[in-house]
Amino acid sequence: MADAVILGIESSCDETAAAVIRNGAEILSSVVFSQIYTHMRYGGVVPELASREHLKAIVPVVRQAVEDAGQSYDKIDAIAVTRGPGLAGALLVGVSYAKALSFALDKPLIGVNHLEGHIHVVLLEQKQQGVGEIQFPVLALVVSGGHTHLYLAEKKDAGWTYRDVGHTRDDAAGEAYDKVAKLLGLGYPGGPILDGLAKHGDPRAVRFPFAQIKHRDRNPQNRHEDDDARVDFSYSGIKTAVLRYVETHEMKAAIEARRTALKEIEKPSQDDYLRVCDRQTLDLIASFQRAVVNDLVSKALHAAAENNAATLLVTGGVAANSELRETFERRAGELGLPVYFPSRPLSTDNAAMIAAAAYPRFLSGEFAAPDLSAEANLRLR
């Protein structure tokens, strides 16, 4: 068949992104407009502000992606857009624009689950690198600021299927990073800040135990025969433990001084963050990261074994974390379990992943109706 060129659009949180891919295997362009510095002063993403920024950015971002791909709009075969999950207002901007573009160009529209996109971007890069087909079933850990999920993914004749075999009961892992960074006066986004600082601390200085969570659904109709193979997460407890450590070790004055010092710097560098952190803070950060990483790795490997997974994918914004990657590679390697990550630029939100996830649907003719809507709490199944 002729080449299939898909334009992807992503606007689920604080990145406005567009990308063009060919045949689900070649990235022709990928443009991301980040709002990090817009939200940094507030210590986190402000939903209404995010929506406004998407409105400003979406037209030029899409135009740039098409130009960078060396394509014209009439050469686009389909338009894919994130329909959820995410921030309702932010999603609406992307969905509305994609629908308008689909109508104006008379091109089919494909609605994509954001979480499925994170899974497919790993497969996309494997194809780009000429790596052979991965083995199924696949266990995918999707871990980011808003999500911590384990999915058993299989590729069947009727398409891809996903079974939720574990998720967070409260905070996502990336959310815990953001909250701890804010608590320590380091600001937003917490993930890359803490990852950089953790290298300078002692990860054995503070002990953070995790409770083992057993899945129990009170509704018998929702119970699955494989419930005993589930692995769930919880990260609100470690955030509270960090707060207690701060209070009992009289760190609040130093934190306020750090917060004040960083406010004077418009775009702090990693060296700036390191300069305002004392040994006690660095040890606390390193211990926090070691605890979260060990919890994610141990539970993902346990779920892989319980569900007879042949391959492990680790994806999402937190997958860019250096210690997480190193620990997964070492421990999965010891078990002989292949583990794959997206490249760091494609770990965070982007539109190449949306176009990649749309490609199988394009081949099977699964197109969205003209009344496609955004769904903030969309589930992957």
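Note: Cβ is positioned from N, Cα and C throughout, glycine not excepted.
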*The Fe cation site in Swiss-Prot includes H114, H118. Which of D295, D349 is also listed there?*
D349
*Look at the substrate binding annotation in Swiss-Prot, where V142, V143, S144, G145, G146, G191, D195, N321 are given, and name the residue from D164, D171, D178 listed for that site too.*
D178
*Residue pair G191 (substrate binding site), D349 (Fe cation binding site) - Cα distance, angstrom, rounded*: 14
*If you measure S144 (substrate binding site) to H114 (Fe cation binding site) at Cα, how many Å is it?*
12
_Please give the substrate site's span as the largest CA-CA distance among V142, V143, S144, G145, G146, D178, G191, D195, N321, to the nearest whole angstrom._
18
*What are the non-local neighbours of G146 (substrate binding site), defined as same-chain residues 6+ apart in sequence with CB under 8 A from its CB?*
C13, P85, G86, A172, G174, E175
